[in-house]
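To keep things clear, I will list the structure first and then write my remarks on it.
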């Protein structure tokens, strides 16, 4: 709470927060379309909430958070129910949940308001593209209220909301990575055709080999450290099955019929999807409650057996985020920024992400009579992205951040500690399977339905 209020003055002075549509551009803002600026500012709100959540779980912050009346005073705030809580353990977990709950409510509100907005001529588009300071005040108000939500079943119930939302966001991340890989391959191939083809094709080959090499190295490390000869059968299945699926999509991507139907497909895209799948597999295995099959990064580096270390179920020894959480946060930041500026020519991805092909790709600016630069309104004839779906995507991102920062932990029945859960493992693994299925569909759909335009 203190960190959130401390950042208020900084955020209120940030560019584009106080203008109405079309958003005013300060000197630090690049020339851009109104649709792009709007997405960037909403993404800034999400990143601001993420920063506040990170600050709240830093060591030493629990002392300050416990000063919030009723937030954590050794027991539940519901009259008649006794539930002694170790505040040193639970306070960081609760603060992240409250912050992300506030962000989810904020984006859900705008997702509901912006349903079926077709162009910037709709009065609701003015709300979407402006009044940033008032939106910020709404977010701060919801956040303050969230910290006074009574204990009881809220955090247990919200954990399962986080599980479902994170599952959906992992799929969206994969779709964005597919789109990024297609755009990357398309641009470099076009540059190779225009000149200096040897350089550009060498670059494509280098990154393709690099991605596959990293994925192969990950598989080897998984077998060495996350499996045992007489144990960890689930991990052996996860690693082997996902490896087989990645080989299949790589082979399918270069089949002659697939290449004829989708010339833009290739091994670069498959290598990125393979590497991401290995990350999701690793992330899932790190949530296995079986300590023998889930060594900590510290034990791997120092060559200490996990069973000899202090168990994470010990009340004072909870680790809210680890190496895989940091990697997940980096991928989240990349996907959030890319979703804000993307303008893809991939029809299938545009259909999945509810965006329009090619619209909003040309930046521009308008200079008013007062000499101030303004973002160009490029949505008078039609929106370049689905407003409601964009906010729903940020809602899911809020839930994903909540689960990532708390390392997908769930409090035990006495809330004395937090523990890994099997549902988190299966959510991540099943999302990787469904994601690979979606990518495979983007490859074979043009072959199965040759009369439909997928380009």
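Think of each number as a place in line: the chain as shown, counted from 1.
Note: Cβ is positioned from N, Cα and C throughout, glycine not excepted.
Where the annotation comes from TrEMBL, it is an automatic prediction and has not been curated.
It is 200-225, from the ranges 70-95, 200-225, that TrEMBL records as transmembrane segment. Taking residue pairs at least 6 apart in sequence, the transmembrane segment (430-449) and the transmembrane segment (237-255) share three or more C-beta contacts under 8 angstroms. Non-local neighbours of the transmembrane segment (430-449) in the same chain are 167, 170-171, 174-175, 178, 242, 245-246, 248-249, 252-253, 257-258, 261-262, 265, 269-270, 273, 276-277, 280-281, 284, 348-349, 352, 455; each lies 6+ residues outside the stretch with a CB under 8 Å from one of its CB atoms. Here the transmembrane segment (96-117) sits against the transmembrane segment (157-180); at least 3 CB pairs are under 8 Å, leaving out pairs fewer than 6 apart in sequence. With a cut-off of 8 Å between Cβ atoms, the residues of this chain six or more beyond the transmembrane segment (267-285) that come close are 170, 173-174, 177-178, 180-182, 184-185, 204, 207-212, 214-215, 218-219, 222, 226, 235, 238-239, 242, 245-246, 249-250, 253-254, 293-294, 324, 327-328, 331, 424-426, 428-429, 431-432, 435-436, 439. When each of 157-180, 200-225, 389-409 is checked for Cβ pairs under 8 Å to the transmembrane segment (36-58), 389-409 comes out on top.
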